[in-house]
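So the structure is just underneath, and the comments pick up after that.
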């Protein structure tokens with residue numbers, strides 16, 4: 001019997017069958033003396049993850065960044081990258097060379113050693129990447145505390161804006177396209193956060209979804225303020241509802257984190273305070289004087305992709 005299931009439901013189904021695991025965060029973890037070995041994997045599928053404004057080199061870099069970002073969100077420093085590649089039998093050599101160059105470039109940016117690989121045949125190009133890292137103190141989604149401030153690195157909205165413009169066949173401004181084609185994982189920020197923050201997650205599926213992930217995992221209530229969202233100026237100039245785009249934009253690879261109020265001044269990174277953590281449940285957004293429950297927006301595999309328009 002075939003049943004339509006969403007990505008989160010499939011993950012939950014598998015976790016119910018695993019008796020020993022450290023799943024449920026951006027990366028798995030194993031204790032090694034005074035440190036933690038961090039392990040993650042993340043897959044790129046050409047049809048859904050590589051719009052044609054991206055090059056094969058972009059795709060290769062992206063699969064490295066996707067995996068490194070998971071290590072960064074746990075407060076770790078990535079050390080190695082590995083991947084499996086499945087391709088159709090008629091794939092062009094130019095595409096393969098481009099992917100290889102991109103993976104190499106990404107590994108150099110993050111100072112990674114490429115340690116393993118495998119190839120197979122499939123109907124689409126699939127790059128299943130993975131990364132290993134080391135962390136001293138783990139940042140978990142499940143450790144947000146009432147009284148924490150909710151913060152985010154960088155700016156939001158550009159990757160989704162690029163995708164929406166592309167879907168409409170419109171020209172993508174260079175500043176918008178730049179982050180969609182070549183995002184950077186916040187490795188140094190994650191390492192600095194590891195000694196100060198209580199919880200963290202990377203923004204791969206959209207700010208809204210990641211806020212709900214932290215709130216549910218930590219059993220807390222999160223309230224963010226609309227006017228505090230760090231929305232890119234270039235996004236504000238293009239889209240009709242920049243707040244909705246910022247909340248839904250995935251593949252940002254920024255870090256969303258919660259931190260005790262008294263430790264904020266110790267942070268030497270670029271970030272914005274967007275809200276607070278309270279006792280209770282759920283995620284809410286303050287719009288002027290009104291507070292309402294935050295809609296879950298963002299990318300959803302197996303459910304039609306994105307649910308936002310320009």
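Backbone N, Cα and C atoms are what each Cβ position is placed from, and that goes for glycine too.
The feature Mg(2+) 3 binding site is assigned by Swiss-Prot to 26, 70, 202. The Cβ of residue 202 (Mg(2+) 3 binding site) has 27 other Cβ atoms within 10 Å, all protein chains considered. A strand conformation is recorded for residue 202 (Mg(2+) 3 binding site) in the three-state DSSP classification.
Following the DSSP three-state reduction, the secondary structure of residue 70 (Mg(2+) 3 binding site) is helix. Packing around residue 70 (Mg(2+) 3 binding site) is summarised by its Cβ count: 29 other Cβ atoms lie within 10 angstroms of its Cβ, all protein chains included. Among the features that Swiss-Prot reports, Mg(2+) 4 binding site is placed at 26, 40, 70, with the record citing sequence analysis.
Positions annotated as Mg(2+) 1 binding site by Swiss-Prot: 41, 42, 118. DSSP assigns residue 42 (Mg(2+) 1 binding site) to a strand segment in the three-state reduction.
For 42, 70, the entry in Swiss-Prot reads Mg(2+) 2 binding site, with the evidence type sequence analysis.
According to Swiss-Prot, the feature substrate binding site maps to 49, 251, 299. Within its own chain, residue 251 (substrate binding site) has 62, 66, 159, 180, 183, 204, 299 as residues 6 or more apart in sequence whose C-beta sits under 8 angstroms from its own. The secondary structure of residue 251 (substrate binding site), as reduced to three states from DSSP, is coil rather than helix or strand.
Among the features that Swiss-Prot reports, ATP binding site is placed at 117, 118, 141, 204. DSSP assigns residue 118 (Mg(2+) 1 binding site) to a strand. Sequence-distant contacts (6 or more apart, same chain, Cβ under 8 Å) of residue 118 (Mg(2+) 1 binding site) comprise 83, 84, 85.
Residues or ranges marked as Mg(2+) 5 binding site by Swiss-Prot: 205.
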Would you kindly give the Cα-Cα distance separating residue 26 (Mg(2+) 3 binding site) and residue 141 (ATP binding site), rounded to the nearest Å? 8
Could you check which of the binding-site residues (26, 49, 202, 205) sits closest to residue 41 (Mg(2+) 1 binding site), going Cα to Cα? 26
Any idea what the Cα distance is from residue 40 (Mg(2+) 4 binding site) over to residue 49 (substrate binding site), rounded to a whole Å? 18
Counting distance between Cα atoms, which of the binding-site residues 42, 117, 205 is nearest residue 26 (Mg(2+) 3 binding site)? 42
Using a 10 Å radius on the Cβ of residue 141 (ATP binding site), the other Cβ atoms enclosed count 22
